[in-house]
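Trainee: Sequence annotations record features per position, and here TrEMBL assigns Mg(2+) 2 binding site to D:Asp29, D:Asp76. The annotation Mg(2+) 1 binding site is assigned in TrEMBL to D:Asp29, D:Gly30, D:Asp76. The GTP binding site annotation in TrEMBL covers D:Ser75, D:Asp76. Residues or ranges marked as domain 'tRNAHis guanylyltransferase catalytic' in TrEMBL: D:6-135. Feature annotation from TrEMBL assigns domain 'Thg1 C-terminal' to D:139-244.
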Number of protein chains: 4
Amino acid sequence: MANSKYEYVKQYELDDTLLPGCWIVIRIDGKGFTKFSDLHGFEKPNDKRALDLMDECACEVMNEFHDVRLAYGESDEYSFVLGRSTDMYGRRASKLVSLLVSCFTANYVARWPTHLPDTPLRATPMFDGRAVCYPLDAHLRDYLAWRQADTHINNQYNTCFWALVKSGKSPAEAQAALRGTQTAFKNELLFREFGINYAHLPEQFKKGSVVVRRKALVEAKKREDGTPVMRERAVPTVLHVDLIRDDFWNENPHLLAP
Amino acid sequence: MANSKYEYVKQYELDDTLLPGCWIVIRIDGKGFTKFSDLHGFEKPNDKRALDLMDECACEVMNEFHDVRLAYGESDEYSFVLGRSTDMYGRRASKLVSLLVSCFTANYVARWPTHLPDTPLRATPMFDGRAVCYPLDAHLRDYLAWRQADTHINNQYNTCFWALVKSGKSPAEAQAALRGTQTAFKNELLFREFGINYAHLPEQFKKGSVVVRRKALVEAKKREDGTPVMRERAVPTVLHVDLIRDDFWNENPHLLAP
Amino acid sequence: MANSKYEYVKQYELDDTLLPGCWIVIRIDGKGFTKFSDLHGFEKPNDKRALDLMDECACEVMNEFHDVRLAYGESDEYSFVLGRSTDMYGRRASKLVSLLVSCFTANYVARWPTHLPDTPLRATPMFDGRAVCYPLDAHLRDYLAWRQADTHINNQYNTCFWALVKSGKSPAEAQAALRGTQTAFKNELLFREFGINYAHLPEQFKKGSVVVRRKALVEAKKREDGTPVMRERAVPTVLHVDLIRDDFWNENPHLLAP
Amino acid sequence: MANSKYEYVKQYELDDTLLPGCWIVIRIDGKGFTKFSDLHGFEKPNDKRALDLMDECACEVMNEFHDVRLAYGESDEYSFVLGRSTDMYGRRASKLVSLLVSCFTANYVARWPTHLPDTPLRATPMFDGRAVCYPLDAHLRDYLAWRQADTHINNQYNTCFWALVKSGKSPAEAQAALRGTQTAFKNELLFREFGINYAHLPEQFKKGSVVVRRKALVEAKKREDGTPVMRERAVPTVLHVDLIRDDFWNENPHLLAP
């Protein structure tokens with residue numbers, strides 16, 4: 001059974017190399033997570049257990065793929081940043097997207113019981129992914145600012161919405177009460193009616209999660225007597241910090257270095 | 001914090017729609033599965049437990065995505081066929097590839113303990129994916145023939161290789177003994193030296209796995225008294241049949257229907 | 001002055017290969033030809049000299065590029081069909097589009113004086129181009145039917161419009177008179193008010209131009225005494241025939257052959 | 001004859017938008033110009049008439065398309081640079097490439113008699129084209145340096161080659177004499193054997209042609225008495241200057257401005 005007569009079909013695989021010299025962002029996004037979070041009784045507006053699980057999966061992606069420099073996540077989405085000069089898998093879009101999605105998903109299922117020990121997984125968590133190229137550092141920063149501003153806007157809205165719903169309003173009434181309102185109004189509402197000071201909510205909810213590598217002592221191996229040998233390693237570390245202003249970037253110049 | 005000033009970054013997401021009117025094949029492939037299978041002690045040349053796990057994951061992909069008509073798998077890879085006229089996710093390559101990979105991976109991790117109950121998962125199983133378009137029915141059939149011929153060739157080689165290795169040869173010696181040999185020689189070798197009749201090996205190993213939907217009675221719900229209500233459903237079903245000759249296609253004309 | 005330090009910029013040229021196994025249609029289209037035709041006093045609704053020039057350019061494209069099997073033109077546009085199995089310039093979209101456009105444009109300028117001897121060229125004629133792939137023969141036929149139906153619809157409308165304008169109506173009045181009218185009404189209008197039997201108009205105007213190769217005796221070279229040596233050659237030939245019904249395709253089966 | 005049943009074929013036109021925010025270079029290149037230049041008796045190694053014609057065509061492209069900021073040409077090729085933020089034709093590759101090629105070709109044919117009045121055009125001049133994106137200013141400068149270094153290398157080689165051939169060597173002998181030689185050797189050869197001081201050759205041959213817009217007084221219209229009304233306009237102007245060092249860029253900062 002010779003295979004050579006069929007091998008021509010390989011030529012139908014078209015090249016999908018991403019433009020060299022650009023930042024590559026791979027954004028992954030939960031499929032149908034509104035329903036998925038209802039099914040598993042996620043707390044509203046934010047379930048810390050589910051967010052921690054997302055953050056841990058992002059760390060695992062960065063452990064696995066060293067060309068990922070930075071990640072940013074909120075809710076059921078995560079963005080992974082590859083450096084301008086990366087040649088990971090020849091910059092082929094489908095390779096990069098599929099492997100990051102696969103790594104993230106595998107960890108999501110495997111680490112679920114650690115984060116939600118009393119909640120059996122009752123549906124298949126799935127994430128889609130896409131690759132986007134950004135030519136300039138300014139574009140990359142604006143991309144991350146876009147996601148973080150989105151986190152803030154959604155979180156403020158959802159905090160109000162669920163406060164209203166938990167106080168007895170129907171979802172439609174809560175929606176109507178918030179339609180067209182501004183930031184100041186929503187902060188007022190939270191404070192006056194529910195005694196919630198928005199500024200005091202957890203940073204993870206307000207800012208989302210930034211993952212960067214930080215030097216840390218980790219157990220590299222064990223000696224024969226069982227005591228650990230510690231080594232300094234660059235370890236993916238979750239921060240809840242502002243990405244929009246310059247401070248973070250001034251403090252971490254290596255992230256934008258060539 | 002207005003988001004509108006950053007939203008321009010969305011325009012950098014370029015369109016990756018696959019050509020309409022073509023068959024779409026999404027092929028997923030295990031990353032580093034040689035190492036992964038060693039780490040988990042997979043039997044050589046084929047581990048039925050691992051193959052069954054792959055097959056079950058493929059069935060779950062077909063349960064989830066109704067536009068997948070047919071799947072074919074071997075070893076650590078699986079190909080999923082979407083019909084010419086599918087408009088699933090607007091035929092966007094990254095959406096299709098990432099979601100199928102994510103669904104497959106999630107199930108691989110979740111169902112691992114059922115198939116390998118005594119083997120804890122010690123590494124992250126990952127799959128890459130790619131999308132390929134085929135204009136004609138003949139191209140699709142040749143693609144599947146290419147994969148199935150590959151299954152046969154690899155299985156025959158691996159069966160010989162591992163028989164030699166298990167009999168005491170080093171991997172290099174086994175490789176040298178098989179270099180440049182033909183089908184007939186390998187069958188002879190197996191029979192004469194190891195008493196293995198290649199034709200009697202399991203069809204799953206020789207032909208790989210074809211997944212199609214078959215009508216079957218399944219439990220749709222339970223009555224109040226606990227007895228099941230059975231309904232006829234189209235259920236993904238694993239076959240180990242020849243895809244190269246015409247018989248399968250003559251018996252399943254709906255698979256190539258428009 | 002070493003060039004090697006700059007050569008990396010070549011890697012930024014991304015692959016734009018068109019899917020193998022599909023029909024390729026390159027459609028070129030005049031840029032700003034409403035203005036261009038006014039500037040050069042083209043007759044309305046059709047200028048036979050300008051159409052003949054377009055047809056001749058299409059023949060020259062087919063003389064130059066033997067992989068073009070068929071062309072169809074109307075007004076200021078032309079479509080060129082490359083066979084499924086063509087490997088012309090490795091099926092790279094930009095090569096194919098740019099060369100056909102360049103060949104067409106060069107001939108348009110060079111042959112203009114032959115067709116419009118009393119009209120100096122006063123502006124630069126320009127054509128844009130695009131490549132489209134069609135997987136099935138039926139798609140290709142529908143593409144050509146789409147263009148030919150468009151020819152008919154436009155020609156009937158324009159014939160009415162210009163008859164009304166020439167009879168003293170303003171363009172706005174002519175447009176209003178025709179808005180929402182059907183084929184039968186327009187034919188009636190032409191016949192009753194202007195004595196024009198639409199069926200008797202030139203086929204070139206009603207059907208557009210189909211270019212195929214036909215065997216013909218052509219002068220291959222001259223003998224020493226000056227008499228010509230005739231040889232049979234496949235010569236691009238302009239027809240004004242129906243492409244929508246089956247007749248043309250039944251009579252020219254080689255056009256759709258693999 | 002309704003057209004709606006065929007219109008679905010339009011969906012097969014896939015998007016080919018170039019990444020926003022990048023420099024776009026459209027490079028066009030003569031097809032078969034070795035043969036074309038022989039056929040028309042172009043002087044070797046450089047024919048000033050043919051180069052001037054190329055330069056004039058490039059100016060016309062810049063007159064027609066205002067988003068082209070800069071052009072660089074040598075021999076039978078020309079590169080056109082569109083600014084990062086151009087939205088010309090929605091940045092669609094095939095539109096941009098085909099229109100620039102078409103404009104260039106039309107002018108090449110139309111202006112041929114002005115530059116080569118005694119040489120009738122005996123073949124169809126054709127140019128292919130491609131679009132390439134460059135994310136950073138440095139990439140764009142390196143691209144242009146690549147082309148200009150290529151001009152220098154080719155011109156030096158060709159000057160030697162044709163001097164040798166004109167002195168009686170066969171092409172093969174000339175090629176052999178130059179194989180593997182360096183810049184210094186070639187300059188020596190030209191000077192010692194042929195009395196040619198390479199540094200004194202025309203800048204157009206050594207540096208190629210840079211086209212930028214320069215303010216100039218041009219006749220905008222005529223007064224009733226026939227005297228011209230002069231207005232300041234930005235006019236495409238051909239320079240033969242160095243693009244590799246910083247001077248040109250320091251003197252023309254607007255060319256790299258956002």
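Yeah, the Cβs are placed from backbone N, Cα and C, and that goes for glycine too.
Any TrEMBL annotation is an automated prediction that lacks curation.
Just so it is clear, the model here is predicted, and its values are computed rather than measured.
Can you tell me where each of these features sits in the structure?
Mentor: Neighbour count (other Cβ atoms within 10 Å of the Cβ, all protein chains): 18 for D:Asp29 (Mg(2+) 2 binding site).
Other Cβ atoms within 10 Å of the Cβ of D:Gly30 (Mg(2+) 1 binding site), summed over all protein chains shown, number 20.
Sequence-distant contacts (6 or more apart, same chain, Cβ under 8 Å) of D:Asp76 (Mg(2+) 2 binding site) comprise D:Asp29, D:Gly30, D:Phe33, D:Phe36, D:Ser37, D:Met54, D:Phe127.
In the predicted model, the domain 'Thg1 C-terminal' (D:139-244) shows an average pLDDT of 95.
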Trainee: Inside 8 A of the center formed by the CB atoms of D:Asp29, D:Gly30, D:Asp76, which other residues of the chain have their CB, for the recorded Mg(2+) 1 site?
Mentor: D:Ile28, D:Lys31, D:Phe33, D:Ser75, D:Glu77, D:Phe127, D:Asp128
Trainee: Taking DSSP as the reference, which of helix, strand or coil describes D:Asp29 (Mg(2+) 2 binding site)?
Mentor: strand
Trainee: Under 8 Å Cβ-Cβ from D:Ser75 (GTP binding site), six or more apart in the same chain: what's there?
Mentor: D:Gly30, D:Phe33, D:Leu51, D:Thr151, D:Asn154
Trainee: In DSSP terms, helix, strand or coil for D:Ser75 (GTP binding site)?
Mentor: coil
